[in-house]
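What follows is one structure encoded as structure tokens, with my remarks underneath.
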Amino acid sequence: MEPTTQTEPMAVTPKHELENGAAVAANNEEHPSKKQRLESVSITEQEVSDGAPKRMKGVAPIKAEFLVQKSARSQPVEESVVSLSADDAAEAAHYQEREGEQKGKKRASGQNKGRDFGRSEDAKGLCPSRAFSPEFSPKECKFGEKCRFEHDVRTYLKEHKREDLTTFGGICPIWDAKGRCPYGFKCRLVRSHMTERDTSDGRKELILLEDEERKKTARPVVPYASEDGLVNIVSNEDKIAVARRKTTTPRSDAYLTWLDKTSKALEKNLHGRHLEEGGADKGAGAQTKDQVEENRAAYVEPPFLPSEKRRIYFGPETPALAPLTTQGNLPFRRLCIDHGCQFTYSEMAMGMSLIQGQKSEWALMKAHESEALPPTISSTADVVQGYDNSKDLKFGAQIAGNKPWHAIKATELLGRLTPNLRVIDLNCGCPIDQVFREGAGSALLDHPSKLEKMLRGMNAVSEMIPITVKIRTGTRDNSPNATKLIERLVLGGHESSMLNIGPPGVAAITLHGRSRQQRYTKSADWSYIAECAALIKRLNEKKDDVTDTVREPDERMLPNGGKVFFLGNGDCYSHHDYDDHINNAGVDAVMVGRGAIIKPWVFEEIQAGQYLDKSATERLAMVEKYAKYGLDTWGSDEHGVGTTRRFMLEWLSFTYRYVPIGLLEYLPPHIQDRPPAWRGRNELETLLGSPNYKDWIKITEMFLGPAHKDFKFEPKHKSNAYEPQG
């Protein structure tokens, strides 16, 4: 990254300005001297070039006073290896661990695959007929004496349920926020919303409490949200109907029939032209033209053309959170929204699994009502004509598939069952071997014709929901093909020009500046992203420059009034990176992935335009908020607490890699840098930076209490299980 010697005028967004050679930190109330200390002590890259000690590539430049002897926090495996395996897992963790993954590969050395998380359950569960009813007036249990659950509430509380948590002030965070707890007597903080009342016969009856004032305050802010503040909830009846193929997909069926017929005709047509040896036979040429006209006549326009779909907007003030498997769960997305993230995506869902009605896959579509609110955009934003911010929302779905019918049918089902989606994004960047071998994810980069068919079909059946796509530079380092692919996605390929059906109609393209082969071994190539951004700008603004006028796109097939938005993705770790990419790469917005997992307040930094040196106390407060959001999502009963703990530990396996700004010798920080052994400014900061998973468990116990005796957690990499000596 080039040093900045003075404040440069912003060509795109005056709001995001690069620093004038000085490190900037937040002036937090807890540490009023932080900003002054960072400005006076930290060395910028400009000062390095003026004679200060050089910054070592790949090593986090920690100040000498915070370094410790290697033996104190040594790790048997290089930190970079740990990070690479974890970063790959963030893209498709549970697909990576499916059966069929090849074993014994050298690059998998040190990884814990097929991890076992144990279980967190009551010794004996409470019957659902008793869980929410007053002690002496329960609902009738349809299993009667054969029921395997406990029917006596007091016996359950005394003998089968672990003691209540003492965290959160002893008050259930769900009840505190909503005035009611949907987990009843099974809640691990039930004593905060349970009491005894005297009955007419002199007995003491246990009852659950509700707070009407809290319930009024907690009413959903989005009209179509559930009582719990969630959107895109698919009922069990709908999922069963999908699984049993009782839910029809008429638009997909019609499109796929046309696609099959057209593909065969085109194949025959193109094959015949090759045999003509230069096309000397005019009769054959005329016949080919007639066939093309027949194909055009047979094409039935979809009910919603790309130009008629809901308009969207991406801009410098709308940073997006990348789709993240495992890490991109609902509690984490809520946390990012709280810190200024404007767009979120579901975890990657497999199209075939959605078609089969798998509950786990449909559960990925759930979103919090905060994600269903319109994004905050600038009053001077250059929005496309027809864009209505009040109808926009923040949450989109991402799917993957290896066959056109997988993606197309899944899209129609999503549009029908989960209509509260900003976009449906097709994943063409997942590098995981299992996904790649099946022909999905980044494998589609080498099959542009198939990819175009998938996107065109998705557009034909998604109704008002726009279609977007996320790609990589290519599958191999030495042969990037994103420029050719982008041109095809914006203008349409040769087949579409023969049929005169225009481009596939994607509303936005996101490019991750790495190849599939590269993974995270090198930094993202933002110069290539800039090249692609310039190409899209030319295609958006100067359609007349397209030399092949036959391929000039049909305006009816163009989304967003003819503009295809372009987002860059890769290694954004601070507002400095974000501003640099906006101003120098020419992207409309930046999608943040690993940077947000490691420090969710990166969105806050982007909004403020300065570094924020969050104290250990502030960072721990984020962990507490995550715990509350986790209990709200997965439950405050024993099982929910265990699930929250598991996903919190997965998140902490990334957050420990954050080195506080105040400890760095040079700025800006680089996400690829790996730190030597270091200690924090206090014990809590040191604990938050520990690479030992047992310390991560200690952090979860601050809010979730001691782990269940049957709970297990294996870190993604064996080195994180290493116990430091001394």
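Yeah, the Cβs are placed from backbone N, Cα and C, and that goes for glycine too.
With PRO323, LEU324, THR325, GLN398, HIS512, ASN569, GLY570, ASP571, GLY593, ARG594 listed by Swiss-Prot as binding FMN, the candidate from LYS268, LYS450, LYS453, LYS470 annotated for that site turns out to be LYS470. Per Swiss-Prot, the listed range annotated as zinc finger is 121-154 (candidates: 121-154, 665-698). It is 24-56, from the ranges 24-56, 189-221, that Swiss-Prot records as region 'Disordered'. Counting in whole angstrom, ASP571 (FMN binding site) lies 16 from CYS430 (active site, proton donor) by their C-alpha atoms. Separation of the C-alpha atoms of ARG594 (FMN binding site) and CYS430 (active site, proton donor): 14 Å, rounded to the nearest whole number.
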